[in-house]
Amino acid sequence: MRPHFGILLGYFFCAAHHVVSSPLMKRDADFNDVKTRLKSSNQKVDASKPNKYFHESAFHYHYDGRFADKAPSDGMRQVHLRALIQTYLATMNDIGIETFLMHGTLLGWWWNRKIMPWDSDIDVMVSEKSIHHMAAYYNMTVHHHRIPESGVSRDYLLEVNPHYTNSDWDADNKIDARWIDTDSGLFIDITTLRRNTTAEELGIHGAMSVKDKHHYNYDDIFPLRITDFEGSPAKIPYAYSEILVEEYGQNALTDSYFESHRFDSSIKQWVPKPLPGHAGGARFRESFAQGD
Ligand SMILES: *[C@@H]1O[C@H](CO)[C@@H](O)[C@H](O)[C@H]1NC(C)=O
Ligand SMILES: *[C@@H]1O[C@H](CO)[C@@H](O)[C@H](O)[C@H]1NC(C)=O
C-alpha cells in the first residue's frame, strides 16, 4: 500500500472550497492526478447531476473512464472481476475494514463461493464505522497487488465519496466508495449499511438502510459469518439464506439451470449449457443435494 495521489490535490480542493462553489467541485478525483495509461479521460459527465461524485465511462457504466477506453472481452472481464474481489477482500482484511458480500455476489457464494460466470459486477457493503475509517485514513490510497492467476501486477485505487457523511437517501451518491482497477477501469461499488434512526424512532427495532433503498434488520446481518470467496477471506450476513430468498426467491437457491449455464454439482461449477433447442427455452430442474 502506498498513499499517494492527492496530497497536493487535497490541498487544492480545500483551498478552492473557500473561494468558489463550482457545481462540479464534488466530482471524482481529477484525471490528471490519477491517470495511468490514457492520454485523456473517457468519463461521462452528466451536467444535469452536478452533485454526483462518482462517474462512469462513456463506453460502459461498469468502467471508470479515467483508466480505460474500452471494455475487455467477457472472458477477460471475469479474470479482472476475480482479481478485483480477491484484492479488495485481502486489502480490507489487512486494514481492518468490516465488509461483507451481498446481492448477486452472495448468491455466487451460496452456490460455490465464486463469482457467477454471467455476473458483470460485484456487490459488497461496509459498516458505518468502517466507512468513517476508510474516509479518514485510506481515501485515495493505491494498493499494489500481484495477481496469482495472471502473474501480472496491478494498482488498485480506493476512493471515498465525500457525500458518505450524508446518510439520507441520495440518488446521485448511493455509492460511498469505490475499489478501482487502475488498469482495466473495472471497479467495485461499496455501499454502507447504516442504522436508520428515522425508522427506529417509528419503533422498528434494529432498522438499517443503505442509500440505494435496501432495508435490513440488524439481526439479519450481524454477527457476520466468516468464510471465503474466490479463495480470499470473506464475510457474509448472518441470515444469508433468508436474505437471498427475499431478494431472488426460493428458486434461486435450488434451480441449477440459469442464464444458459448448468450447475455441475460434481465439480461445483457453473458450466455453459445452452438450453436444448427443442425445449423452446423452458427451464427445468435437476435435484441434487447441495452440499457445502
Ligand atoms: C477523497 O479524495 C478525493 C480526491 O482528493 C476527494 O475528491 C474526496 O472528496 C475525498 N473524499 C473524502 C471522503 O474526503
Ligand atoms: C429510513 O426509514 C424510513 C422509515 O421507514 C424510510 O422512509 C427512509 O427511506 C429510510 N432511510 C433510508 C436512507 O433508506
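Numbers run from 1 along the shown chain.
Note that Cβ sites are derived from N, Cα and C of the backbone, with glycine treated the same way.
Bear in mind that TrEMBL entries carry predicted annotations, made automatically and left uncurated.
The domain 'LicD/FKTN/FKRP nucleotidyltransferase' feature in TrEMBL is assigned to 95-195 (among others).
Sequence annotations record features per position, and here TrEMBL assigns domain 'LicD/FKTN/FKRP nucleotidyltransferase' to 198-249 (among others). Secondary structure of the domain 'LicD/FKTN/FKRP nucleotidyltransferase' (198-249) per DSSP (helix as H, G, I; strand as E, B; remaining residues coil): 17 helix, 16 strand, 19 coil.
The signal peptide annotation in TrEMBL covers 1-21.
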Across the domain 'LicD/FKTN/FKRP nucleotidyltransferase' (198-249), average pLDDT on the 0 to 100 scale: 96
Secondary structure content of the domain 'LicD/FKTN/FKRP nucleotidyltransferase' (95-195), with strand meaning DSSP E or B: 28 helix, 37 strand, 36 coil
